[in-house]
Amino acid sequence: MQDRLFVSMEHPRALPETDLIKGAIVGAGAVGMAIAYSMLIQNTFDELVLVDIDRRKVEGEVMDLVHGIPFVEPSVVRAGTLADCRGVDVVVITAGARQREGETRLSLVQRNVEIFRGLIGEIMEHCPNAILLVVSNPVDVMTYVAMKLAGLPPSRVIGSGTVLDTARFRYLLAERLRVDPRSLHAYIIGEHGDSEVPVWSRANVAGAFLSEIEPAVGTPDDPAKMFEVFEHVKNAAYEIIERKGATSWAIGLATTQIVRAITRNQNRVLPVSVLMSGLHGIEEVCLAYPAVLNRQGIDRLVKFSLSPGEEEQLQRSARVMRQTLDGIQF
């Protein structure tokens with residue numbers, strides 16, 4: 001059964017079983033600090049180091065955070081450099097150029113590649129045994145770039161993928177159907193961006209598949225107009241950026257869930273960015289795809305069934321990624 005359900009990843013080593021779990025966040029902007037806050041209140045790490053090129057700012061952010069430690073489980077949070085991150089289990093990378101209003105994620109790519117050139121080498125110098133979690137946009141491209149620059153196996157370089165998109169999808173669908181989002185199972189896969197793919201054929205509530213109840217679900221012919229839900233999901237980041245300048249809180253919560261799945265060895269399935277190696281005929285690009293996460297990093301990929309239309313959309317998303325990768329220098 002497992003052979004038919006999963007594709008195993010190569011993982012030469014797992015995170016060591018230790019009493020203390022240590023992590024680092026590189027980049028103390030809005031996203032990095034939302035992640036740090038979420039991790040602090042969920043007791044994700046015993047020790048957390050925040051790194052940023054603006055040392056005074058990150059020191060101020062840490063001061064603000066640690067004054068709240070009496071209200072949560074005790075942990076150590078400090079500002080530092082990458083040299084202070086030796087021995088960490090997970091490095092979360094949020095550093096990068098900020099997405100401008102109206103700017104697509106893909107237009108960020110070359111600017112962020114230049115930032116990653118020096119950054120990844122320094123991370124590997126000081127944290128060679130850590131799992132890398134890339135949050136910087138465009139996340140699928142930057143995950144691939146980080147993997148190549150780091151020289152690590154694909155199981156140890158993970159992107160935040162469409163974990164947030166999937167959460168938005170479930171939240172908005174659940175709102176329509178008047179159920180708890182945790183009781184609704186649906187995924188968005190592919191690019192974290194404009195070519196992402198809603199998997200309507202697998203969306204279900206307690207095993208009741210929406211596509212069996214309404215075969216036209218997610219299409220313009222759907223009388224319930226569920227396709228509007230996906231349009232809201234796809235445009236959510238642009239709408240938030242227009243109103244407040246950046247997204248932060250939800251990606252902070254999403255990233256914390258990914259890290260907890262890894263460090264707590266949860267074997268949890270989340271749609272993270274992973275190197276595709278033959279699934280659905282896709283090779284040598286990183287896309288968001290349901291993966292089993294534990295202390296190995298990405299342990300296995302789920303062999304996900306798609307409708308013919310969804311399969312074509314995923315192939316198109318892969319082509320978008322391939323074109324972008326072919327056009328950058330790293």
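Each residue, glycine too, has its Cβ placed from N, Cα and C.
Annotated NAD(+) binding site per Swiss-Prot: Val31, Asp52, Lys57, Gly96, Ala97, Val135, Ser136, Asn137, Ser160, in sequence order, evidence recorded as sequence analysis. Classification of Asn137 (substrate binding site) by DSSP places it in coil, neither helical nor stranded.
Per Swiss-Prot, the feature substrate binding site maps to Gln99, Arg105, Asn137, Pro138, Val139, Asp140, Asp165, Thr166, Ala167, Arg168, Thr247; the stated evidence is sequence analysis. Around Asp165 (substrate binding site), the C-beta neighbours below 8 angstroms that are at least 6 residues distant in the chain are Ile188, His192, Glu196, Val233, Pro271, Ala288.
The beta-D-fructose 1,6-bisphosphate binding site annotation in Swiss-Prot covers Arg170, His185 and rests on sequence analysis. In the shown protein chains, 23 other C-beta atoms lie within 10 A of the C-beta of Arg170 (beta-D-fructose 1,6-bisphosphate binding site). Mapped onto three states, the DSSP output places Arg170 (beta-D-fructose 1,6-bisphosphate binding site) in helix.
Look at Swiss-Prot and you will find His192 tagged as active site, proton acceptor. Secondary structure at His192 (active site, proton acceptor), as computed by DSSP, is coil.
The phosphotyrosine feature in Swiss-Prot is assigned to Tyr238; the stated evidence is sequence analysis. Same-chain residues at least 6 positions away in sequence with a Cβ under 8 Å from that of Tyr238 (phosphotyrosine) are, in sequence order, Gly102. According to DSSP, Tyr238 (phosphotyrosine) is assigned to a helical segment.
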Val31 (NAD(+) binding site) as reference: those binding-site residues from Val139, Ala167, His185, Thr247 with C-alpha within 10 Å of it:
Thr247
Which residues, sitting 6 or more apart from Lys57 (NAD(+) binding site) on the same chain, put a CB under 8 Å from its CB?
Ala28
If you measure from the Cα of Ser136 (NAD(+) binding site), which of the binding-site residues Ala167, Arg170, His185, Thr247 is the nearest?
Thr247
Give the three-state DSSP assignment (helix, strand or coil) for His185 (beta-D-fructose 1,6-bisphosphate binding site).
strand
Among Val31, Asp52, Lys57, Gly96, Ala97, Val135, Ser136, Asn137, Ser160, recorded NAD(+) binders, what is the largest CA to CA distance in Å?
25
Of these binding-site residues, Ala97, Ala167, which scores lowest on Cβ atoms within 10 Å?
Ala97
